[in-house]
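*Asks:* As annotated in Swiss-Prot:
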type: BINDING; residues: Leu20, Arg21, Gly62, Lys65, Thr66, Thr67, Glu128, Asp129, Phe130, Arg171, Tyr181, Arg218; note: ATP binding site
type: BINDING; residues: Thr66; note: Mg(2+) binding site
type: BINDING; residues: Arg291, Arg310, Arg312, Arg315; note: DNA binding site
type: REGION; residues: 1-181; note: region 'Large ATPase domain (RuvB-L)'
type: REGION; residues: 182-252; note: region 'Small ATPAse domain (RuvB-S)'
type: REGION; residues: 255-332; note: region 'Head domain (RuvB-H)'
Amino acid sequence: MTRFLDSDAMGDEELVERTLRPQYLREYIGQDKVKDQLKIFIEAAKLRDESLDHVLLFGPPGLGKTTMAFVIANELGVNLKQTSGPAIEKSGDLVAILNDLEPGDVLFIDEIHRMPMAVEEVLYSAMEDFYIDIMIGAGETSRSVHLDLPPFTLIGATTRAGMLSNPLRARFGITGHMEYYEENDLTEIIERTADIFEMKITYEAASELARRSRGTPRIANRLLKRVRDYAQIMGDGLIDDNITDKALTMLDVDHEGLDYVDQKILRTMIEMYNGGPVGLGTLSVNIAEERDTVEDMYEPYLIQKGFIMRTRTGRVATVKAYEHLGYQRFDK
């Protein structure tokens, strides 16, 4: 079964996101705190004719970290070179990328927490003093070569900031916490997407879609496409609040933005463990999902919406979870 509320990109979504991507901070909807800070830091760097300090963007998937990296490069008026932590398998791969940078370039590394430690260590001197030392040759004939780099800005994106080593984290002069979007910002994003793709949607429908999209633009845009399909086949093409509710109900997305996996997590906690506390590993086994998947993909939203609490002894289902699923809560 397809999970429409998965915040990782599916199929051609990365291509679609590039089409929808804003170019400058003034066009970027939401994340006002991060934008306001970046605007000052970028203008100051341009005024001094310096490269921007290295930037770490962290937060759940689908919140626009990659888009923000491109916006930063556009605001600086420089080129952006993109890679990812898993793609840089050895230090030589990173050396080749660094050696190809021009003065002022932005190097964007997505999933930076997944870089091997040997690769990460190459970044330390590159980030701090713009040089790297590389070994040439092997055995007794090997020698170290000092390679100066042009000033550049590294932008790292991660969903797991806690997995970054302290030495790497300390080298980022700017950090931006990307948070779940407010409903009004998400409504505006949905209306913008609908306008770009020439969809007819009412404000009420956009607002309802925003409320059920887990505060995540990627999910909102995905659901919008499926609601459009429903409107074209089951209606006259207009996306109104009635069509939106019927389409999302068909997709098993309830009025709180929970789908069958979220509900399965809560039901397991309530029915099998009397609401908890239950360990994350135990919970993951019971719902047949990987521990990291539960921790990264499902749990953050359930906690943010007040359905689950983290405690020292495990996860606990809240009164809101009982009420939402129609369970009667008995005191232990």
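Positions of Cβ are set from backbone N, Cα and C atoms, glycine also.
What you see is a predicted model, and the numbers here were worked out from it, not measured in a lab.
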*Asks:* Per DSSP, what is the helix/strand/coil residue tally across the region 'Head domain (RuvB-H)' (255-332)?
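*Replies:* Here the numbers are 42 helix, 9 strand, 27 coil.
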*Asks:* To which of the binding-site residues Gly62, Arg312 does the lowest count of other Cβ atoms within 10 Å belong?
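*Replies:* Candidates: the binding-site residues Gly62, Arg312. Fewest Cβ atoms within 10 Å: Arg312.
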*Asks:* What does the DSSP secondary structure composition of the region 'Small ATPAse domain (RuvB-S)' (182-252) look like, as residue counts for helix, strand and coil?
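*Replies:* Result for the region 'Small ATPAse domain (RuvB-S)' (182-252), in helix, strand, coil order: 51 helix, 2 strand, 18 coil.
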*Asks:* For Gly62 (ATP binding site), what is the secondary structure state per DSSP, taken as helix, strand or coil?
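*Replies:* DSSP assigns Gly62 (ATP binding site) to coil.
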*Asks:* For Leu20 (ATP binding site), what is the secondary structure by DSSP, using just helix, strand and coil?
*Replies:* helix
*Asks:* Only counting partners 6 or more residues apart, tell me which same-chain residues put their Cβ under 8 Å from the Cβ of Arg310 (DNA binding site).
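*Replies:* For Arg310 (DNA binding site), the qualifying residues are Ile303, Val316.
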*Asks:* If you count Cβ atoms within 10 Å of each one, which of the binding-site residues Phe130, Tyr181 comes out on top?
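*Replies:* Selected residue: Tyr181.
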*Asks:* For Glu128 (ATP binding site), write down the residues of its own chain that are at least 6 apart in sequence and whose Cβ falls under 8 Å from its Cβ; none is a fine answer.
*Replies:* Arg171
